[in-house]
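Trainee: Structure provided below as structure tokens; questions to follow.
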Amino acid sequence: MKKIIVVGSTNVDKVLNVEKYALPGETLAINTYQQSHGGGKGANQAIAAARSGADTTFITKLGNDEDAKMMVKGFKADGMNIDDVITTTDQETGKAYITVDKSGQNSIYVYGGANMAMTPTDVDAHKSAIINADRVIAQLEIPVPAVIEAFKIAKEHGVQTILNPAPAKELPEELLKLTDIITPNESEAATLTGIEVKDETSMLANAKFFFERGIKMVIITVGGRGSFFATPDDHALIPPFPAKVVDTTAAGDTFIGSLASQLEIDLSNIRKAMLYASHASSLTIQVAGAQNSIPTREAILNVINQDQMTKTEIEKQKAQAAAYAAKLVPDHIVLGLGSGTTAAYFVKAINQRINDEHLDIQCVATSVGTEKLAEKLGMRMLDVNTIDQVDLTVDGADVVDHQLNGIKGGGAALLFEKLVADMSKQNIWIVDQSKYTDSLAGHILTIEVIPFGGMGVFRYLKENGYQPEFRFKDNGDILETDSGNYLINIIIPKDADLEKLSIDLKKQTGVVEHGLFLNVCDELIIGGDQIKTIKRSDLS
């Protein structure tokens, strides 16, 4: 069990639920006013750590008022050590006035109160708690000198320090030098470094700024894109977990507190800890409010287990679709082998059938990875340049809509996949149930570009309202396709005309291919205990 000290703010949240934010001079009526909910970044992070099983002590400063009594009662209920809570008669307990719109996004105005009265002397009076901790977490809703004092004590005694630089402000070099781990969100990172957070390249540039100031690990939360971590030797973007957004209040605090409860001091389990924290945040945003929305360890582990069960079921459905498709393949043909995890199931299934039934089937691959797998299995492979056409290609898809239009390219093989698909007399796609959707809007579309013209395409996409991002490998190098090109990801807009988008992209100098596969799939096979097949010829 991690022993965590949180030095930070406590606020009582006054929450307004609004349809939209008022313009200057505008008066709007509201239907809901939630009064006296516990909040404050320090308190939220402490509660998140405690509910995730950490031995948590909270050093905070409260007024001598009813709000303080309510907050302390809540701290006790969560099993936190409150021996180091400080009370003052000079200031009221801090308050936060929060508006939440119908999409769940929030704006927050903070009255510091007793929080802003915390001094280095206050912190020093509770140094024994810090000395005996594994790590100390602090934010910027208390005066910076108090944070510096806490971190000085920690560093003198080998205690790890985590700084959540929120709200963002210019920080003294002294504080940065005392910080082991820093956890800004994307706007806070940009404020501190002057580098806008747009993609993994800019995230890494932000991280290097902090590395140069002695910080050992940087974690940037990037909202719907997930969270990014970097050390001098490693970095990765951890995806978010899909959830219906009700209220984003306390999501970042939940992430930090739950992460701190799970992260080993040597940082060896960073990916696992961040996945845990991402699940915790996904639960938080589904509930209105701050501290009442912070999940327990049991709730987080339950959703993680459900996610693992879902992944297991998805793999089962992939294998079922692949096995069904393998039974449909006729003898004496040239067969196109798709790319990706679902196609790999098919390659193994058709190879088994070729061996069992002594079929005369020759194959072409749509990626180097598929070719290596097929050759390892001893399948008869052809060079695509030596044939005029392919009789049948079986491939997976990233997503398929009800008109059998799809997106491919998540596996970085979209050019070869499209070339073989165009050569094929028939194309069968195999997917699990999660890949079949009403619309391609909102999904990631991959665009393959030549390295020389990549930035020109990137600028075109940005100027036309997309948010393009280059694809990178885990080690930070730009991802190259089997043909040596780069990949750019965009999100398909809600109102996109797919045909027009396809044509417009192909017109751009530097674009080699894109991942929209329109009117290509002849038959879709969806895995499951009851296989579902959809043929283009049956569509109305």
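The backbone N, Cα and C atoms fix where each Cβ goes, and this holds for glycine too.
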Trainee: Please pick, from N185, N292, N302, the residue that Swiss-Prot records in the ATP site together with T221, V222, G223, G224, R225, G226, G252, D253.
Mentor: N185
Trainee: If I go by Swiss-Prot, which of E141, E149, E156, E170 binds substrate at the same site as N11, V12, D13, G39, G40, K41, G42, A43, N44?
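Mentor: So, going by the record in Swiss-Prot, that would be E141.
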Trainee: Have a look through K311, K435, K462, K473 and flag the one Swiss-Prot assigns to the substrate 2 site that S339, G340, T341, T342, D395, G396, A397, D398, K408, G409, G410, G411 belong to.
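Mentor: The record-listed residue among the candidates is K435.
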Trainee: Of V222, G226, G289, which binding-site residues are close to G40 (substrate binding site), meaning a Cα within 10 Å of its Cα?
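Mentor: Matched binding-site residues: none.
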Trainee: For N11 (substrate binding site), identify the closest of the binding-site residues V222, G224, D253, judging by Cα separation.
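Mentor: Sorting the binding-site residues by distance from N11 (substrate binding site), the top entry is D253.
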Trainee: List, in sequence order, those binding-site residues among G42, N44, V287, G289 whose Cα sits within 10 Å of the Cα of D253 (ATP binding site).
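Mentor: Correct set: G42, N44.
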Trainee: By a simple count of other Cβ atoms within 10 Å, which of G224, G226, the binding-site residues in the record, is least packed?
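Mentor: Among the binding-site residues G224, G226, the lowest count of other Cβ atoms within 10 Å belongs to G224.
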Trainee: Could you round the CA separation between G224 (ATP binding site) and S293 (K(+) binding site) to a whole angstrom and send it over?
Mentor: 18
Trainee: Please report the DSSP secondary structure of D253 (ATP binding site), reduced to three states.
Mentor: helix
Trainee: Looking only at C-alpha atoms, tell me how far T249 (K(+) binding site) is from N44 (substrate binding site), rounded to the nearest Å.
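Mentor: Rounded to a whole number, the Cα-Cα distance is 10 Å.
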Trainee: Measuring Cα to Cα, how many angstrom lie between D247 (K(+) binding site) and N185 (ATP binding site)?
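Mentor: For D247 (K(+) binding site) versus N185 (ATP binding site), the Cα atoms are 17 Å apart.
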